[in-house]
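Here the structure comes first, spelled out in structure tokens, and everything after it is commentary.
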Amino acid sequence: MSFTPGKQSSSRASSGNRSGNGILKWADQSDQSRNVQTRGRRVQSKQTATSQQPSGGTVVPYYSWFSGITQFQKGKEFEFAEGQGVPIAPGVPSTEAKGYWYRHNRRSFKTADGNQRQLLPRWYFYYLGTGPHAKDQYGTDIDGVFWVASNQADINTPADIVDRDPSSDEAIPTRFPPGTVLPQGYYIEGSGRSAPNSRSTSRAPNRAPSAGSRSRANSGNRTSTPGVTPDMADQIASLVLAKLGKDATKPQQVTKQTAKEVRQKILNKPRQKRSPNKQCTVQQCFGKRGPNQNFGGGEMLKLGTSDPQFPILAELAPTAGAFFFGSRLELAKVQNLSGNPDEPQKDVYELRYNGAIRFDSTLSGFETIMKVLNQNLNAYQHQEDGMMNISPKPQRQRGQKNGQVENDNVSVAAPKSRVQQNKSRELTAEDISLLKKMDEPYTEDTSEI
């Protein structure tokens, strides 16, 4: 019989939660003399932040049943004491509480100063016989893997746990039995980095004056879970808006004044630093389209970088290094046509460049990129052709009323009805019969009814 975490109530797990002499502890509260026996298996290598892959992040290949544990302090080791480290899951007996923590190396990101910063790793728990190391035996020395098991579990057989289907089963917030010591410098996803608050609640039962208060405090700590609430993102957004002095309940409207300010702010930047958007269009930033500026048409000229198709084009844009070192550059002095003639004239230079961006059909989104490029390259030519094919609307002369046309300087009023059109047609037999009756003399009908 396979077990599904969170699907059944486990009396053994519940009784285990009620037993014990305390709740979850933190590493800075633990005693120096901890039981770190190995039960006959090899000592696990300590997993540190320095052992993560230096080149970017890796993809978690399998779905864990529990939320992750994230490192927030460098140089801290991820480890649990003997018999600890297996999360609590309703429906899973203690005999199946065995598995390993898998280190997920997250990708790096670029900071404001242009440097690459590597995110600290995040650890996910998988039951023995599941996950990325399903075929490995318990205790195998693997970089980025830390084996854990309860004292009642048989580590020689895989755990009888089904794999999680993310479409039907949500991840369970990670919780541990009472007395578990978390690795220092780590926090459970969804619980925040509130270690001081957790330590204060852990000490609260010890400071309580009676056993009853300790029981009530422990009961409250048992029922609370560090899961992510649905409105947590809204609360964070409200706090950020409050710091900025804005009301989160009122929608931010872009008025003509704010749009004008945004447009002026963009136009005050140098030409090569402008980013056109809804408030400042492409033509306002860079002028009309032509042979020297031949990209853009339709909605992209109106929306600029706000166009939904623009981000995929931005993937083709060269970096600053590729621009300077991968292009042919030429410095030329040009005539200064701007400025007040009374002011001192400035020397104006142009850094002209000539290069190419090479890509092939293996590029992600290749078909979409080709479609967008074909729609916007030299689009101004098609627009001009379309304008030439459309006959211009005749302009109405001043003082001329609608519905009048001029022919040889004679104004003829437009007909207002079919009767006024006065179209000639031949008389039918019915018409002739009616005319004859009209010519006959009138005779009064004297017949009685």
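Using N, Cα and C of the backbone, Cβ positions are placed for all residues, glycine too.
Taken from Swiss-Prot, the feature RNA binding site covers R106, R122, R164, and the record attributes it to similarity to another entry.
Taken from Swiss-Prot, the feature compositional bias 'Low complexity' applies to 9-22.
Under the heading compositional bias 'Polar residues', Swiss-Prot lists 29-38 (among others).
Sequence annotations record features per position, and here Swiss-Prot assigns compositional bias 'Polar residues' to 45-55 (among others).
Marked as compositional bias 'Polar residues' by Swiss-Prot: 194-204 (among others).
Sequence annotations record features per position, and here Swiss-Prot assigns compositional bias 'Polar residues' to 212-227 (among others).
Sorting the compositional bias 'Basic residues' (266-276) by DSSP state (H, G, I as helix; E, B as strand; all else coil) yields 5 helix, 0 strand, 6 coil. Swiss-Prot lists 266-276 with the feature compositional bias 'Basic residues'.
The annotation compositional bias 'Polar residues' is assigned in Swiss-Prot to 400-410 (among others).
The compositional bias 'Basic and acidic residues' annotation in Swiss-Prot covers 423-440.
The feature domain 'CoV N NTD' is assigned by Swiss-Prot to 61-190.
When pLDDT is averaged over the domain 'CoV N CTD' (259-384), the result is 87. Look at Swiss-Prot and you will find 259-384 tagged as domain 'CoV N CTD'.
Per Swiss-Prot, the feature phosphoserine maps to S167 (among others). Sequence-distant neighbours of S167 (phosphoserine) (same chain, 6+ apart, CB under 8 A from its CB) do not exist here.
Summarising the annotation, Swiss-Prot assigns phosphothreonine to T174 (among others).
Taken from Swiss-Prot, the feature phosphoserine applies to S191 (among others).
What Swiss-Prot lists as phosphoserine is S391 (among others), and the listing cites sequence analysis.
The phosphoserine annotation in Swiss-Prot covers S424 (among others).
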Could you give me the DSSP helix, strand and coil counts for the domain 'CoV N NTD' (61-190)?
3 helix, 36 strand, 91 coil
Let me spell it out: take the compositional bias 'Basic residues' (266-276), skip the flanking residues so only those 6+ beyond its ends count, and list any with a Cβ under 8 Å from a Cβ in it.
282, 284-286, 304-305
If you measure every Cα to Cα distance among R106, R122, R164, the residues said to bind RNA, what is the biggest one in Å?
22
Site of maximum Cβ density within 10 Å, from modified residues T174, T428:
T174
